[in-house]
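Copied over from TrEMBL, here are the features:
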type	residues	note
DOMAIN	42-293	domain 'G-protein coupled receptors family 1 profile'
TRANSMEM	24-50	transmembrane segment
TRANSMEM	62-90	transmembrane segment
TRANSMEM	102-121	transmembrane segment
TRANSMEM	142-164	transmembrane segment
TRANSMEM	197-222	transmembrane segment
TRANSMEM	243-264	transmembrane segment
TRANSMEM	276-295	transmembrane segment
Amino acid sequence: WEFNGSFYQPSAFLMMGIPGLEAFHHWISIPFFLLYFIALLGNGMILFIIKKTQSLHEPMYYLLSMLAVTDLGLALCTLPTTMGIFWFNLRRIGFDACLTQMYFIHILSLSESSVLLAMAFDRFVAVSHPLRYPAILAKSTIIKIGLAIILRSMLSLLPLPFLLKRLTYCKKTELSHSFCFHPDIMNLACADIKVNVFYGMIILLSTVGMDFIFIVLSYILIIKTAISLATKDECLKTLNTCVSHICAVLIFFIPMIGLSMIHRFGRNIPPLVNTLVAYTYLIIPPALNPIIYSIKSSHIRGALLRALRKKS
């Protein structure tokens, strides 16, 4: 591939595993495979249990189903390229295939952020307006929320692939990760990327940034309501219903914010740190979310045990 100053796009990009540890990729693949296996099995079980258990057909568990679908999608988006590198050293990915993977990764990430916001609203209504909870979050409302999340994610991120396709690229075609990420692809361009940077920041702040702010506001109101309860036991019992969601929010937003900051401002950060934060952002939440909810939710735990007994 030669760059002669005219418009140029590479036929493919080269993805990277864990820099400096290429000789150990086969061993490193074992924990990654286990995380993917847990993510696929755990979220699949969550969906199966909620579908089969009539008592779980409630707003909270419908939203949990959306979270499980999003986590399944994230795991399936990155699994082929990540394990392809670790197992077979398959680093090459076509230009259009890379843009497609990037688009779906960003859609699913934005959808997860939106679902976590909807779950925060669910917890706020359950704590602050328990008598009106079934009426406010009726099944039709949950369906509308789901459709709004999908449309918001797809439409707001639709320009990204086209903004990248208009750029001309240099000889360097090596990505920083084992998956395609918008800032990573954008930084390989030889052209002016101000539009890409500006649009990416606007979308990040107006979607994920606003989601996080509203989640924090929801919990301020939840804590205020819990403190106003008559006894300490009631207060703790109320806050205990939010523990799973708080954990899901933390394990998603902390690495996501960290990765965004690294790509935009962390020029001197070692590549290994960048890679580990990226894997934490995309692989850890799908694997941990079903575990967290299974441990904290006695309803899901009970339904799972009943299903296992019935099968045995």
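Positions of Cβ are set from backbone N, Cα and C atoms, glycine also.
Unlike curated entries, TrEMBL annotations are predicted automatically.
Small disclaimer: the values here were computed from a predicted structure and weren't measured.
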Same-chain residues at least 6 beyond the ends of the transmembrane segment (276-295) whose Cβ lies under 8 Å from its Cβ atoms: 18, 32, 35-36, 38-39, 42-43, 45-46, 64, 67-68, 71-72, 74-75, 78, 82, 105, 109, 112, 176-177, 179, 181, 244, 247-248, 251-252, 255-256, 258-259, 262, 301, 304
When counting Cβ pairs under 8 Å to the transmembrane segment (142-164), the leader among 24-50, 62-90, 197-222, 243-264: 197-222
Cβ pairs under 8 Å between the transmembrane segment (102-121) and the transmembrane segment (243-264), at least three: yes
Across the domain 'G-protein coupled receptors family 1 profile' (42-293), average pLDDT on the 0 to 100 scale: 92
